[in-house]
Each structure stands twice: as C-alpha cells, then as structure tokens.
C-alpha cells in the first residue's frame, strides 16, 4: 500500500467531490414497497416544459431512472467511510431466523489478520461479527425462492427493475418497437412473484451475502435489465486502499451494478473490508488470487485447505459472488498449447499450472460440493470462471473453451442441487459471426443460468480502444441473452485503469447494456430514449444532457462550441448555427402539416395545394417566426 | 472565415507536426503494378524477432497494412499545401482520350468567384483548368467497366485491397475463421478483373472525378474491405480554411477512406478547392448546402438552375461524390409529421420545406436524368441521400424512411442506365433488432448498390458518446453488408468536432469496419489480429503497439503505468506485475506440454504423469526461468 496509515485514515474521512457531487438535473428518490423499510432508490430527472413556440406549452413529467450510485450522490446522506454504509438488509436477514452471528471469525487467515496489531492502522474500524447459517440451514435466495418465499430482496428488485414505468402516462414515451429476445421471457411488468420464479428456476441470481447487508438488492438474469460489472483492485504495481474505495464510488456513480475487487497486492484482506463495508452494490472476487498470495505466488503449492480457508475468510467479510475456475480440467489444458495466446485468464493459468505440476484433477472440481456447502451457509453466489476463455480472435470457440463450458454446465446442476445461486462466465475475444454460438451453447449447456461475459472483444487490433472493440461484442451478446457484461476499459492489455478509465469503460458498457435491453424489448428501456429524443427535438438542451448517461460530459462538449448559458435555451443546434437547423425546419413542416390539415398528404394533394403553398410562403416560411 | 488572408497563407505553408509525423514503427512502401506509374502505397510495420526464451529465436516478417494517409506520413515526401498533391492519375485520364481541358469554368458561380479579386488572398494559388468529357462521351469507371476495360484505377485497387496477403508465408498468420457474409461474394484474392466486374454490376463504386487526379484510387462495395468516411467542414459558428485542411490530413492519418466536406460557412468554394487539391482520398459533398447559401438560406427560393450550376461548379473542382436527396418525395413528407424527431437530415429538411412551400415534387427527383448527364461528364458518383432517415430510436424503419429507400432503388436503376456510379445512404438511429431489416431491404430495393450508413446509433441516451452508440450499429450493419460507414464523433448532437474528436470518431469506426471484415471473412482481415495477438503473447510490446490501429495511444497508455523504456521489453503485463502474469504461466504450460510430449493429454494421462509432474516441479516451475 502506498498510503501511510495516518494518511489512510485522513483520506477515509472524505471522498473527492468529483465522485460524490449530485448528478446534475436530478435528485435521489425512494419508492416505498409493501413495508416502510423497503425503500427503493431511483434518480428522478426534472424536465422543463415543452416551449410555447412549439404549440401549446405543456409540462413534461419528471423521469425516473435506475440508480446504482447508492447514498453517495444524495446530498442529504451522511457519508463516513470509516463507519460504512447503513445495513439496510440487517433486519430482513435477522427476521428469517436461519442464521446467527458468530463469536469470531471462522477462517484461520482472518483470525491471524485480526490478531495482528500491526494492521490496526489500516484495518476498517467498525467491524461487526460475521453471520453464518445455522447448522443444516441454507440461506440462499434460491433456497427461499424454491420454497415459495418472496423475500424483501425480491420485492425490492421488482420495484427497481420497473423504473416506475407504470407511472408514465405520456403515450409517446411508452411507444416502443417489438423486441427480438431470442427466447427470453420478458413480462410487461416485473412482479415480486416473477422475480421469485426466475430465481427458483436458476435463470436469475440475487448476489446477496448475509454478511453484506449494506447492499441495495439487484438481480442478474436474462429476463431483467442487462447489468454491468466494473473491476477495480490494486496490484503489486499500483494503488492503495483509499484509492480503491474512491474507484468503487466512482464506478457506481457511472452505473456499475456490481464491482469485482481483483486486488492482488498487499493488504488484500483489509482493502476488501473497506470496499465491502462501503459498497451498496454486490462485490465479487476471485479467491484464487488471494490463495496464491498465501503460497507466495507458487501455484503448485496451492492446497484445498488454503483455498477453503480463503473462501470462508471472504464469505465472512461479505463477498457476494466468487469466481471459481472449477471447469479448468486437466484434460483441457493441453488443448490450449497450440493456441495463439494460450491461457489468458489469470485464474485459469494458475489452475492449469497446478494441474500440470501435480498431474491431478483441478482441486476446485474435485471439491466442488464442499464449496457448495460454504456458499449456501452465507449465500455467496457462484460465478463459474472461464479459465480457458480465448485471448484472441484466432482462439475463439475452440475445443478448450467449449470443453470447459460443458463442464461448467455440469457444475451448474450440482450447484442447483444445493440451491446455490450460479452464473457462468464467458469470453473474451470473439469475432462477431461466432458470438451467437457462445450464447446458444451457454443457454443449452447451463440450463439458462445467467451468462456473465467479458466483452467479447470483436477484434484484437485496437489496444487503447478495447472498451469500444468489446462494447460491440457486449451489446450483441447482451441482446442474445447475456445477463451481465463485465466492462473493459481503454487500458485493457496495456495498464491498470485509473479513475478516468473506469468512467470510459462504464459508459461504453452502459451503452451496450441499454442497446441490448432495447433490442430485447425490455418494457422500461425505450422510454428513456423517447424522453431524450423529444427533449432534443424541442431544443430542451438541459433536459437532453440530464436524460443522458453522462450529463456532465454532454454539457462540457456542448459548451466547447457554444459556451454561453444563453445557448442552452437556443433553438438551434451547435452543429449548424442559427440559420441552418434541420430540427427547426422540421418543426415548420410539422406545424404546417398539422395547422393546414395536410397530415393526410394523399388527401391534401388531391385538394390541390398551390393555394396552401402560397399561404405558407406569405406567412414568412421562416425558421425564426416569433409568436 | 476566422483567418486573415496573410495568416492563411502562412498556415498553408505548414501542417502541424502532430498530423504529419510518421506513424511509429512503420514506413511507407509502394507496391508496383503492371506499369511503373502504378505505385500502390502501403504501410509496412517492422517486427522484432520472437525472443529466444520462447523457443528457437525466429524473425517475424514485416507486416503490411492498408494506408489511407497519403504522402503526408512519408518523411521523403515534400508537402506544399499551396501547390497541392501531385496528380498521379493525370496521365491515365489523359490517355483515355475521352475528355479535354476546358477554356474556363462552366459554372456561373465558379466564374464569379474566379473574377472576384477580393478572393485572391484566400484562393488556392495553383489552379488548373477543369476537364470535362467530350461531347457524347461518358468518363465514369462504370462505363469503362461495362465495356470490359480494366482501368489502372481498378488494378491499383486490387493490389491495395489484398494488402500483400499473398506475400505472407507464416501459416499462423493466415489462420482464420470461416466468415458469415450474408450472400456477399468475397474471393480469396482480389484481381483487377474482379474489381471491373463488381463496378460493372453496380455492386461497387470507384469515386474518382477526372478533376481530382490527386487521389489514390479506392473502392466502395460489399465484396471489398469495409470503408470509413469522415466528415469535416466549417460552419457559421466555427473553423477556417487552414483548420479544415489540417483536419483532412488528420482524418486520413487515422484511416478515413473518404472525406466529406460539409462546410456551410463563408468561402465554401475556396475551402473546398484547398481541400480537394490536397486530398489523396475521394471528397464528397452535399451540394444543396451550398445552393441554399446562394439563396440566403431560404429553402423555398431554391431553383433547379441554381442547383445545376452548383453541381457543375463542384464537379469542375473535383468533388468525387455528391449526396443528392432525390428521394425526399412530396408524398413522404407528411409521413414524418408524427415522428418524435421529424426530419433530422439537413438536406432532407431543406427539400421537404421546398416541396411544401411550392407543393411540387422535389426538383432533384424531377431533374434526375439531367443530373446523371452532369455526373457522367466528370465521373462524379451518386450518394443518394436518405433525407428522411430516423433521428431517434422511435422513428426507425418507419414508412417515411422505407418509402424513400424504395425511391432510391428506382433512382439507382436510372443512374445505372446512364452508367453513373451510385451508392445509397442509410440511417441513422436504429435499435439492434431492426438493423438487419435495413440492410436486407437496401440490397433488395437497390440491386446491391453499395450501402453507406451513418452509424446507426443503437440508442439515443448517450450524448457525448455517440461514437460508441453508433460503432455498435456500424459494426453490425457492416457485417450484414454495408460498404462504407460514415463516422460519428463524440460531439454528435452537441457540437462541431475538433481534431481530437476526429481521431476518436475514426478509431471507433476503423474498429467497426475491421470487426465487420473479420465477421464477413475478408481474406486479408484476420492476419493483422493474428500478428498482433502473437506479439502480445510474446511480450513484444513495441510490435503490439505498432500493429494496433493507434500506436501512439497504445504506447501512451502503457507508459502511464510502466513508464520506463525497460518495461517495453518486460516479460510481464503491466496489469498484473512481474509475479502474476497469466501469459507467462501459459508459456510454461506450453513449453511443458511440448517438451514432455503431453500435447496429446489423453495419452499422457494414460502413461501416468506423476513422474513428469515431479520433474516439472524439480525444474523450478517458475515464471522467471532464465536460460
């Protein structure tokens, strides 16, 4: 860690204004569910009225959007990183009566860190005792779902996914194209019962460790809004604790639905604690990274005991999902030898090395049922890792990748036998014509368990722009059925992302996810496009900025060309200048067509329009008619 | 214009180093065709050998790529903007004996500008007399093609499209996935005869005005590499002549295959002359913009005579293709009245306004055959404009858009009757599930004439990031068969692009075009991905940067994390640090599998591998084995 302990504590008092300032033009609201402690956050964007010059002045109702940013963007919230977020699910978890707080930590490593006084200065100060399922109990959301129980989490999610679409009354906002969902089952309105049913069937997961009561529940499944994950994490080369928490808050500001902490450096345990305690979104990890650190980076020295202890350590901190590379089987490893880029997954290559060194089957595979026992005691979800994913176009859809995917399908069924929530990780680098085959095979092999893909990148030739090469693949695979997209930043293949890269990566992926939702026909997706386009057409510049994914960037770009505030209400585009605006000309066409009763042009033509044409010209036919 | 005349001439002496410095790691080469004056430019990227630690050290042959940058990136070339580029096609054009230089300009407006002494200071100094076809002759490449003539331009294009794939001997570079081309006909190697045949059939165009002999010929058609267009141009709000020439050179540096000059401001005629004389790529324009300026912005005052004079004025300057909105028919206009964003094409709205004001049919439609006569006298290609393209997701694929497309199909057949080269413009804003319908309908209605689309943007909600929203749609429609993609910059909907925006837009579109080529199975596409990925796997950092679309950006990003030069030869990725590199671990797996004969793992398992496992460990099993 770069920061001195005192420096850390100082930094922990305050996030930068850049990551916490309210998002322009909107306010945080909470939609109450069936009980007073069920308060679903949304962001409500205030809209200005349609100006008088375009006909009758009419108000535009505020527009609600999904909000991942947690309390950080709420000016009324008090943020104290050293205290952590409030535990909004604590009562729900306690009420279920199937788990209890422990006397102390169950993992050996966790205890050794707790006992090490040297760590006091970097330790998260407000630790609470971990909870675990009572003996013989299963605390997974899937377990409840299969027993017919609609949890508060499920109700919360139903409200959240609908984004108050049911409150919209303007017909033009509800207008939408039929989607093509490739066999997904998108209901017109999402009900708590629908959420329960999807979780019970394994088609969706609610990552929600009982030791992470701070989360605002969310769901990952192909019949819900497409989600986006952002990776953060320090490494030997870079980044300290305070910096990672700042990145977390920045990531959720720009729309990360979950965050993976991929730290591999020093103080990995303490960094994770700070992140989880301050995260309103589910946190995922790759436990093998930490396990490897415990054996000084020697993959061949890894053991089941060390790994098991790591799972428990992290589960008791509150990690919501674990990437487990249990599909990297010994027999698949040599299938990668002739690849152009071999094995590019860190977890995959660690396990490949272990398998070859011992000439034994992957211990994650042989101990898979024991892992399930741990998962269900805390409700940690599986993210079954694709350790053999292709690292370049040439290696896409090969025998190693698809062999592993078949094994992940087999493991999914085992996890489901234990009522453990499961999603499946996918590639990687795949040219466009091979993307659908990935999705179809995943759905088939894994019984519609949610797919969670990295990109895929659709070409290898653009280092520095892989957020774009991969947003193309992400939008497509999201459309085909992928439930969550793992972002890629511009630094992919080149370096570690900084804060600016996190924003660029998230924007590319929010675009991909939304494009996918539109194409699938998600009921609440197109309303925002319609609202923004109407604002654009009516030159409501501020509304256009605020309805966009990044109001700050939109405003900044507009100001570069037309910096004056007066131009925000200008009735022309900054591209064409005041005398040459197609939007304005169109408006004239519309007024003319409406005012003169020529909406039915066929009829109008019959009536002979020469006279009307003369009238139009006599009126001025001007772009800037004042009324 | 912002610049003072003296300032302009000073600026014209020199482009900035930023736009002309050689592209790192490569040099300009010329591949000679069947005659000494047929020299096809390419960029040859030097590669370092595969390092010894990965087996036998072996050289990597230099890699050739398509190069749009003209002589500007050639340190041996002498650039004088005030003299213009050398007229490399001049002799080819003269040799055909079907056109002759004119005494003076044929257009009234052109003559009035030539006679206006006040313009001397901003006029391009080295004007040459324009050429025109002899009476009764047709100088279009389509006309030659249909008469069985393979022009030097066609041979040039065949060499250029192949990118020297025929010289590659390394099998791993030639490895590629079967493409899915949706009925395109991609040959294994492109011959001059194939080029001729495609142009004759109207499936491809070679924009090449006889008054633009400076161009390096290129082709637009679905059976060739997907092309990218960049728009530049000043407006009332911004930008002067020197700035536009600088943007042109920057655009071709980053891969623009053609450039459209969309200027609407003052000195539109003189700006265009500077641009054409210094452009090695075809230049397109939208003549109606200038025609409108001639009537002080009053659409209803436009006349056929003014428009005709504008076409001739621009054709004699050397514009290679004209956007002509001849499909905006009177009966389609009212179909836009209930749209969310009406008519968003500038040209479309001008003509809609004209049609309504006069209640007559669009004069471009009624005079279409006269336009064809002008086109074939100079070999200007049609880009039939989609004036009714959708401006938002809600308006996609509606009756107005598709009605116009049907009319464009009708006009294509008329143009072909005159042997006038023709492409068709397409949308716009289209959600993913509706993109293919656009392509399929275009192919059907327009007899496979090349499609030239703006994006499409796959969502409306990301102002500030529309290069990404649209790169997704562009990659897909390129895959489906679009021949040229018109770029969109991050400033779309917000402001005029500056130089940095031009680069961002082009990179997004080069990615989309290449992803499309890969997916279609273009024979020369995947080799570059393979070369780059091999370099990446072998930690040949410099090669990875230089094989990428933007070597400067890749290097800069890498340097942010690991700035020292030593790290460019580091055998680890900057993401993971020296002790945790999956690429390196994979290399161990590969060496092991190869060295110990376990490539056939099934057999290896049978033999019992415990002993070999022990050996592997005894060797160190280290990431950093030195040899």
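Backbone N, Cα and C atoms are what each Cβ position is placed from, and that goes for glycine too.
Site annotation (TrEMBL): substrate is bound by B:231, B:260, B:289, B:345, B:346, B:347, B:386, B:387, B:388, B:389, B:425, B:452, and the candidate from B:212, B:325, B:367 recorded at this site is B:325. Those binding-site residues from B:387, B:389, B:493 lying by chain A, with Cβ under 8 Å from one of its Cβ atoms, are B:493. Burial estimate for the binding-site residues (B:347, B:387): highest at B:387, by number of other CB atoms within 10 Å.
Taken over all pairs of the listed substrate-binding residues (B:231, B:260, B:289, B:325, B:345, B:346, B:347, B:386, B:387, B:388, B:389, B:425, B:452), the Cα spread reaches a maximum of 19 Å, rounded to the nearest whole number. In the predicted structure, the domain 'ThiC-associated' (B:22-99) carries a mean pLDDT of 92. A count of other CB atoms within 10 A of each Cβ picks out B:452 as the most crowded of the binding-site residues B:289, B:452. Sequence-distant contacts of residue B:231 (substrate binding site), defined by Cβ-Cβ distance under 8 angstroms and a gap of at least six in the same chain, are B:259, B:260, B:262, B:486, B:487, B:497.
The two recorded residues residue B:389 (substrate binding site) and residue B:493 (Zn(2+) binding site) have their Cα atoms spaced 15 Å from each other. Between residue B:452 (substrate binding site) and residue B:429 (Zn(2+) binding site), the C-alpha separation comes to 14 Å. Each residue contributes its Cα atom, and for residue B:387 (substrate binding site) and residue B:429 (Zn(2+) binding site) those atoms are 13 Å apart. Residues near residue B:345 (substrate binding site) in space but far in sequence (CB under 8 A, at least 6 apart, same chain), listed by position: B:325, B:385, B:386, B:387, B:388, B:389. Cα-Cα distance from residue B:493 (Zn(2+) binding site) to residue B:347 (substrate binding site): 16 Å (rounded to the nearest whole number). Other C-beta atoms found within 10 angstroms of the C-beta of residue B:493 (Zn(2+) binding site) number 25, with every protein chain shown included.
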